[in-house]
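According to TrEMBL:
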- B:1-25: signal peptide (SIGNAL)
- B:48-144: domain 'Manganese/iron superoxide dismutase N-terminal' (DOMAIN)
- B:72, B:136, B:224, B:228: Mn(2+) binding site (BINDING)
- B:154-256: domain 'Manganese/iron superoxide dismutase C-terminal' (DOMAIN)
């Protein structure tokens, strides 16, 4: 079930990124449209002292930048293979598409999930209520999400997710750059990157310290907007 | 009790048979052969020790920086050591076949009998941390400061085996580098001996702290590509770190491990 959801979601996203042209001979050919590296909605230093400017710059330009570059190359390859009817080749690159496309999808959410401390407000409204009902309050949610994210073995992400089928929110994790959709038809509300590159320069091995500081700069307005869109 | 003809299924059966025998002293060359880097036995208190770094922390500079060596050995490796000992002291949580081996066998031997897919949280805890201990034990033992005696290319039986398997040393180095670069997320690249394949050499990789022992092969060289291994000095540039790692290897140690792994009991 989960694999099918992932394929559907991936296909939908890829179809959106491609243009479909009809050639004179009446056969469709696909072309890949390059995905841009999104700008951060704030300066690199805006999350200091919670997350250092050095980390933000490297993380955005090098890590996310590399995922975007690789993803674009793969999308072109995929379009080319589809045009040539090389389906074995097309299938063989799907793992790399999951890695790099997942990296792009996850980081795009992540940058928007954060804001400068001066802009920080606690969750309220419908999401605030949902958090209260589900976890008992913001602190309880943060404790649970921190614990699960700290426990990720190796590289991965912690997520606050929405399950449309149950109209519920829950905390979960994914490995490497697997997007949340690889776990089921869930909507990512809030993600925290726990790859070592996300915190090592500042926090070294102290992932729990990083997580505590991450929660100081969560952009709950953005999280509320995602929840509102998912429950509309 | 010879082990050569057995293959992995046979060897695993031998090791498991030990678990039900009360006389461990009588057997033991089979499991001992699996441990190719010291320590192969616990302290008197039954705990696996954190082996001290066999060279100064700053002696691998400029290839691997002082800060990384401190963090990597004193915090990450130490963490795996402590948690491995915790997993073993709470051995009631392990599946019975492992619980019986704990305290009487090398970690390598225990890891050898673990199936590749841990099916419980407690087994996962043992695999992650025991694997972390084994991998890092090998990693720090196989490095040495530039200019020290082990610092040259492999010789003797190991070089012959490398040539036979890969063609020449450069081809092997390229293969291991390529696999190390391709690891997505956290993991390791390894050079392993395959006892089931006439002790042939193989380059392979594993995610997280998974140990090749779980798949019945004996790692003799490991390259850590978790970001903590290189991020302080190299940032995202894993390739540069790998190039520099090749320059601080102690081939004397790897040759010894190869000899141990390929000597019939």
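Cβ from N, Cα, C; glycine included.
These numbers come from a predicted model, not from an experiment.
Sequence features, as recorded in TrEMBL, placed on the structure.
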residue	record	Cβ within 10 Å
B:72	Mn(2+) binding site	24
B:136	Mn(2+) binding site	25
B:224	Mn(2+) binding site	24
B:228	Mn(2+) binding site	18
(request) May I ask you to pick out the binding-site residues among B:136, B:224, B:228 with a CB closer than 8 angstroms to chain A's CB atoms, ordered by sequence, or 'none' if no residue qualifies? (result) B:228
(message) Taking 8 Å from the centroid of the Cβ atoms of B:72, B:136, B:224, B:228 as the cut-off, which other residues in that chain fall inside it around the Mn(2+) site?
(response) B:73, B:76, B:77, B:139, B:226, B:229
(request) Indicate whether residue B:224 (Mn(2+) binding site) is helix, strand or coil by DSSP. (result) strand
(message) Through the lens of DSSP with three states only, how would you label residue B:136 (Mn(2+) binding site)?
(response) helix
(message) For a three-state summary based on DSSP, what are the helix, strand and coil counts in the domain 'Manganese/iron superoxide dismutase N-terminal' (B:48-144)?
(response) 61 helix, 1 strand, 35 coil
(message) Going by DSSP assignments with H, G and I as helix and E and B as strand, what are the residue counts for the domain 'Manganese/iron superoxide dismutase C-terminal' (B:154-256)?
(response) 56 helix, 24 strand, 23 coil
(request) Please average pLDDT over the domain 'Manganese/iron superoxide dismutase N-terminal' (B:48-144) for the predicted structure. (result) 92
